[in-house]
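Worksheet for the structure shown next.
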């Protein structure tokens, strides 16, 4: 990104790597200089908690508030009843109103850790406020006439689904109209002039901008973040044990800490910029470390991210537990080392095959039973998928395999 921003917020977005695209960088920059801007990100309530994949955009809202602006977290109490079809191969299962409300309550706990809510602070809204009471015929006449079906079919999120000859229901097709209407209502009710989101939401964001300009002649903007993957191509938000939840009741602070401690060397500097508030220069310095020194940077990363979500005490406790496990009979010299050849990985190796071939379990059948009963952990993360692929990235400098509470092995590449 070569644009030289004048506003603090856009400077942070560019310098730390949050920015993928913006509908009008110069106009947004000028507005941010002139005074506080209100912006929102929408979250459909499809699960009981947010996960690490949502954290990038949550940090964007946090920086937005820290640079003197007003963020809105928009809960999709209305749109969740329809379901976002973007880049999905099949229709989302429909949730009951009670389940949607339950999920929203769980998500609110996460946002409260990152944003300051109040009369002059961040706002938490629910689009059911205006969507639930819509009159369908009035909506078609007043709003639907502004949308071109030809243009909607050209958006990549829809086009990719149709190109694969996968069904797209009329219910789902309406989602992008409802999301666009959210922006119009947020501008009309709260003066919101910026929508942010992942780059997969670009089409939905542009729809909202076009609608609001047509109906209210408003100058508003959209800004997207990159869809983040790890250096080895894995999608953020997942670990060997499944989703990395931002709810302590669904994933313990210790397991959350371990997720960040196990970051691949090549990702440390980038993740420090995106998920912590350390100065950029310090992030670059830590990310440039190598060998055993990079492990200290990973601990700093884990502590900083865990502190933001769960608090400093939880981060300190997680680090202390990790030291006890790894240094006093965990992943240090006291563990029996199992060496795995690179050839063993070449043809593909599942975690079941790893356990059986290295003798950690007596057979593949025993390994499957162990996983089904929740008795296997890799680097202290529970594993539930017997088909989990074991590769060089997962093994890294050493993969701690725990069977039950007392049997531990260290798998290394020979």
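Including glycine, each Cβ sits where the backbone N, Cα and C put it.
Positions annotated as L-tyrosine binding site by Swiss-Prot, on the basis of sequence analysis: 40, 175, 179. According to DSSP, residue 175 (L-tyrosine binding site) sits within a helical segment.
Proximity of distant same-chain residues to the motif ''HIGH' region' (45-54), defined by a Cβ-Cβ separation under 8 Å and at least 6 residues beyond the stretch ends, is recorded for 75-77, 80, 83, 92, 95, 100-104, 106-107, 110, 228, 235-238, 243-247, 250, 259. According to Swiss-Prot, the feature motif ''HIGH' region' maps to 45-54.
The motif ''KMSKS' region' feature in Swiss-Prot is assigned to 235-239.
The ATP binding site annotation in Swiss-Prot covers 238 and rests on sequence analysis.
Annotated domain 'S4 RNA-binding' per Swiss-Prot: 349-414, in sequence order. The predicted model assigns the domain 'S4 RNA-binding' (349-414) a mean pLDDT of 83.
Within 10 Å of the C-beta of residue 179 (L-tyrosine binding site) we count 28 further C-beta atoms, all protein chains included. Other Cβ atoms within 10 Å of the Cβ of residue 175 (L-tyrosine binding site) number 23 in total over all chains.
The Cβ of residue 40 (L-tyrosine binding site) lies under 8 Å from the Cβ of 71, 72, 73, 74, 125, 183, 186, 192, 194, 195, 196, each on the same chain and at least six residues away in sequence.
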